[in-house]
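Residues or ranges marked as active site, tele-phosphohistidine intermediate in TrEMBL: A:H199. If you look up TrEMBL, you'll see A:C497 marked as active site, proton donor. What TrEMBL lists as phosphoenolpyruvate binding site is A:R301, A:R337, A:N449, A:D450, A:R460. What TrEMBL lists as domain 'Phosphotransferase system enzyme I N-terminal' is A:20-136. Among the features that TrEMBL reports, domain 'PEP-utilising enzyme mobile' is placed at A:163-234. If you look up TrEMBL, you'll see A:267-532 marked as domain 'PEP-utilising enzyme C-terminal'.
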Amino acid sequence: MATTEPSAQSDPQSGPETRQGIGVSPGTAYGPVVQVAPPVRPPANEPAVDDQEAALGDVKAAFEAVAVSLEERATRVEDTAQQILKATALIARDKGLVKAAAKQLEAGKGRANAIEGAIEQYAAQFEALGGYFAERVADLRDVGSRAVAAVLGVPAPGVPHFTEPSVVVAEDLAPAETATLDRALVVGIITEAGGRTSHTAILAAQMGIPAVVQLTGATSIESGTHVALDGDTGEVTIEPDLELVEQQRARAARRTEALGRLSGAGATSDGLGVALLANIGGVDDAVSAGALDLEGVGLFRTEFVYLSATKAPTVEEQTQIYRDVFAPFEGRRVVVRTLDAGADKPLKFADLGPEENPALGRRGLRLSAERPDLLDAQLEALAIAARETGADVRVMAPMVATAEEAAWFARRVRENGLPKAGVMIEVPGAALRARDVLGEVDFGSLGTNDLAQYTMAADRMQGALSDLLDPWQPAVLDVVGLACEGAKTVERPIGVCGESAGDPLLALVLVGLGVTSLSMAPSKVPVVRLALSLHTEAECQRLAQIARGSRTAVDAMGAVREAASSELTDLL
Amino acid sequence: MATRTVTIASSVGLHARPAALFVEAASNTGLDVEIAKPGEDPVDATSILGVMALGAKYGEEVVLTAEGDGADEALDSLVALLSRDLDAE
């Protein structure tokens, strides 16, 4: 059993090793590493079996062992996670899988390959069905990988069973894996892959578990090694000394104390109001964010309403969902982003065919232009739900590039009886011409993740390009600055709803550039509220100048950190 | 052989939780129960993968068949199950 005391065994010459990753979910953690085992693949040269009956018995036993272990895990978790695990256990017990595996054995495959063959047969069927079914393929393959491990007698993939509070380390975590983590036992998460906006990052922030992604060599840290991680700075220290752990703990305690002192609307120390809002993606998020001290929702992503559907959801179906989302925000604002699908997120009922460059293709408002019926149904449902719940609903379109597009969207929004129309500013062209684009609507919202992707010509899905996608890139800050100037000219409010809004130092810079609201993962609201309360508007403007005056992203962050109030930076 | 036709009442169709509940109930009957879309090949109602792969959506009809003692009663209970919105419960 590993002890929770820091080890004294680190090399006295070099001291404990500190590595730099990207902090994506705030807070500090310390504990032993639990490595998540990677998926197990069957051996390529597995011979055919001599005794098919005995082999089939082994395959059956492997599936049964997987079902039993999943059911056992299900007893240790709650509600949603329990349902996911029970349903997965039911798959492992499916007679169809055993039958399919028997045919594979007859065809001359070895045990492990027969299991994988049977799984892939169903996977192909499910993928062809699309939508919800295609999403279940990950569960199916998980069952397969576990059964392969069982039949080969190697450790099962996924998060192993552990009883001591630990730091979970993986190449990357599948959404279902993250969702089934036991919050009481998982004190921190580290991944080698992933990015600032990866699923792990988003879920960890929502669950309030400190997390670091993009940590080189993370998967080669041995299980049981003690690590300290800081989900704000992205630093991970291997076998840290007691002093560092204490420093981190003390800082975390000071932070908790400082954050607890403040509440209510966001504002600079001289009283410039900056609305602090939540990014949400569904009814569950809305209910949990609705209970928090924040001014509303700055980004409600509506994709979930569509992505699992095989036919266009009706106005009635959508109204029901939107009502549930708006209800917790009576009297507060909810900014809804209309359907942002197409290209890389194709819809079963509105597929315009594959594209060479999906990020640059017919997605967002461009899809709505080809299928205005989808947009109209959504706007109608939003208008009904808004009237019924009393939430201050504002609607914005994604992927707007020109003033004509903005005008087209605003007209449709108003025709459907919704009072406020806005646009996302995520295309650099729209940022440069914000005066004209925002002149057509009531507000703008900077999607800094996509804006960075398009400004730096770097694919968001490419973890290796993370440096280019750093929102501290001076070029990205320039584009944000120009968009804010355009918004000011036509006197339109302009918010930020990318993850940069949740970085307390960057939030100060954004306010200095002219941003009037910040929308982020709800767990990041308190630290941003604190950061604002410690600076005047003029100080924010000076920090913005310092950032834009820097030559590199690293310089910009370093210089702003240096110039910001030490009362804030001492806590970060 | 007993046969029943029923319309799927679960708003998400016969997958996810509704499919799991149906498969569990079908297994508990101890009979050979099959489910099919009208005019299509039936699948084993105790196979979650088979039932999900049917892709039966909200408002669509499915045909249940069973043989043996108590087949009528078993199918009646399964029909009652599919007639509820299981996802909303």
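Each residue, glycine too, has its Cβ placed from N, Cα and C.
Structure with TrEMBL features highlighted.
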{"residue": "A:R301", "record": "phosphoenolpyruvate binding site", "Cβ contacts under 8 Å, 6 or more apart": "A:N279, A:I280, A:G281, A:R337, A:D340"}
{"residue": "A:D450", "record": "phosphoenolpyruvate binding site", "Cβ contacts under 8 Å, 6 or more apart": "A:M424, A:E426, A:V427, A:R460, A:G498"}
{"residue": "A:C497", "record": "active site, proton donor", "Cβ contacts under 8 Å, 6 or more apart": "A:L277, A:N279, A:G298, A:L299, A:V335, A:M424, A:S445, A:L446, A:G447, A:T448, A:S519, A:M520"}
Residue, out of the binding-site residues A:R337, A:R460, whose Cβ gathers the largest set of other Cβ atoms within 10 Å: A:R337
The domain 'Phosphotransferase system enzyme I N-terminal' (A:20-136) - residue tally per DSSP class, helix then strand then coil: 73 helix, 14 strand, 30 coil
Structural state of A:D450 (phosphoenolpyruvate binding site), classified by DSSP into three states: helix
